[in-house]
Amino acid sequence: MTCSIAPGWTLPMPFSSNSYKAQGQQPGHQDMPVGTCHQDGSVQTDMLKAGSASTARQARVQPGPLPVTGGAPGAGYPSGVTGPRQEEAQLTASDWTRTLMKYRQPIPSRSIFELTVTLVPFVAIWAVAWWVLSISTVLALALALANAAFLLRLFIIQHDCGHGSLFRDRRLCDWIGRVIGVITLTPYDVWRKTHAIHHATSGNLDRRGIGDLPVLTVREYRGKGWPGRTLYRLLRHPVFLFGVVPFYTFFLHNRLPVHLMRSGWRYWLSAMATNAAIGLTLTVIVLLGGWEVLLFVFLPTMLLAAIAGMWFFYMQHQFEKTSWRHEEDWNIRDASLHGSSHYALPGILRWITGNIGVHHVHHLASRIPFYRLHDVVKDHDALAQTRRITLWESFRCARLHLWDEKSRRLLSFAEARALPV
């Protein structure tokens, strides 16, 4: 199930496994360009790892001062603000990389605590839902849906393992990630590779199609015939994005390293070992509890978590004032900070999503553990206000589909139609 819509883009976009070769570097090189990924799939996006070659290339486009206006109307500072907040507002994305250094170190006891308070309730609710199923199908279903919150949080912890930010020991992170990958139906090493590519190419119009959502520019959309436009509208429709794609991605696409088949044995091993572990687990569940457990406990938890995860993934980069540039004008620091949102969520949702809404900070410094991301925006108001989108404001973003290169805004189809040809 693939279709070419934008340059280099194939379905499904959110967790596409297209391979991307970092140019001019060998695995393990200490001066890898910012945002590239090792051939083993490890994430290398910490801006302070930039070497001289990367610095020279990126010098073509110097990031400007950090804008204090958010991603939605009304965000930002009132006029006349002075003092430290105003000084922070003048910092460039490069300046922020040095400021964020102090948040990068994981706290082992905190990491263990966060893993425990997520995994233990998940397993407990799963077990209770299974037990309750013999008494009330409705109650079991309700528990299963509630448990999706803990499954989503487990995925965020797996995500931090991929960045090597949960513990200092890379091998420990990887094995925790692989185990959680069985629970989330996600082959860890395959996902880590594609996610590294996403970080390395985010906001680059010439490198679309790798671990992101399909986005056409207004010009590209106008250049399509009616079949291409119709297909793009289908792919961007909320029912498709948040209904079909989550199911396809986690239940079908993740079963094979589709676009990494020639990238080494480790991706086949990751996918097949994960599949075997999933198959064994589900077989035991069916033998002990019957198919009803899969239907009323496993599937509802997995599907709701996948749908919610897709929504948050969408909101991280699909908002009006995001940033897209062509290769010659693209700078990974600017793309990281200004092309990712600060999704300002209520406390309970912030906890469930592991602070991943502070996505601009995460892209700029991916080694910061998820439980320290909120500390960053508490300590630095300029970052708290940058690209800030509230839960209520975010619903409008589901209507935005086309990137206008002139106004540098993501537009709805109606807004794009009103533009002069």
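Placed from the backbone N, Cα and C atoms, the Cβ positions cover glycine too.
Those TrEMBL annotations? Automatic predictions, nothing curated.
The annotation region 'Disordered' is assigned in TrEMBL to 59-86.
The transmembrane segment annotation in TrEMBL covers 112-132 (among others). Sequence-distant contacts of the transmembrane segment (112-132) (same chain, six or more residues past either end, CB-CB distance under 8 Å): 139-140, 143-144, 146-147, 150-151, 153-154, 157, 166, 176, 183, 289, 293, 296-297, 301, 354, 370-371.
If you average pLDDT over the domain 'Fatty acid desaturase' (138-393) in this model, you get 95. Among the features that TrEMBL reports, domain 'Fatty acid desaturase' is placed at 138-393.
Residues 118-119, 121-122, 125-126, 128-130, 132, 180, 183-184, 186, 296-298, 300-305, 308-309, 351-354, 356, 370 of the same chain, all 6+ positions outside the transmembrane segment (138-156), place their C-beta atoms under 8 angstroms from a C-beta of that stretch. Positions annotated as transmembrane segment by TrEMBL: 138-156 (among others).
Under the heading transmembrane segment, TrEMBL lists 234-253 (among others).
Positions annotated as transmembrane segment by TrEMBL: 265-288 (among others).
Sequence-remote contacts of a segment are chain residues at least 6 beyond its ends whose Cβ falls under 8 Å from one of its Cβ atoms, and for the transmembrane segment (293-314) they are 14, 126, 129-130, 133, 137, 140-141, 143-145, 147-149, 151-152, 155, 184-185, 213, 241-243, 245-247, 249-251, 282, 285-286, 343, 353, 356-357, 397-398. As annotated by TrEMBL, transmembrane segment applies to 293-314 (among others).
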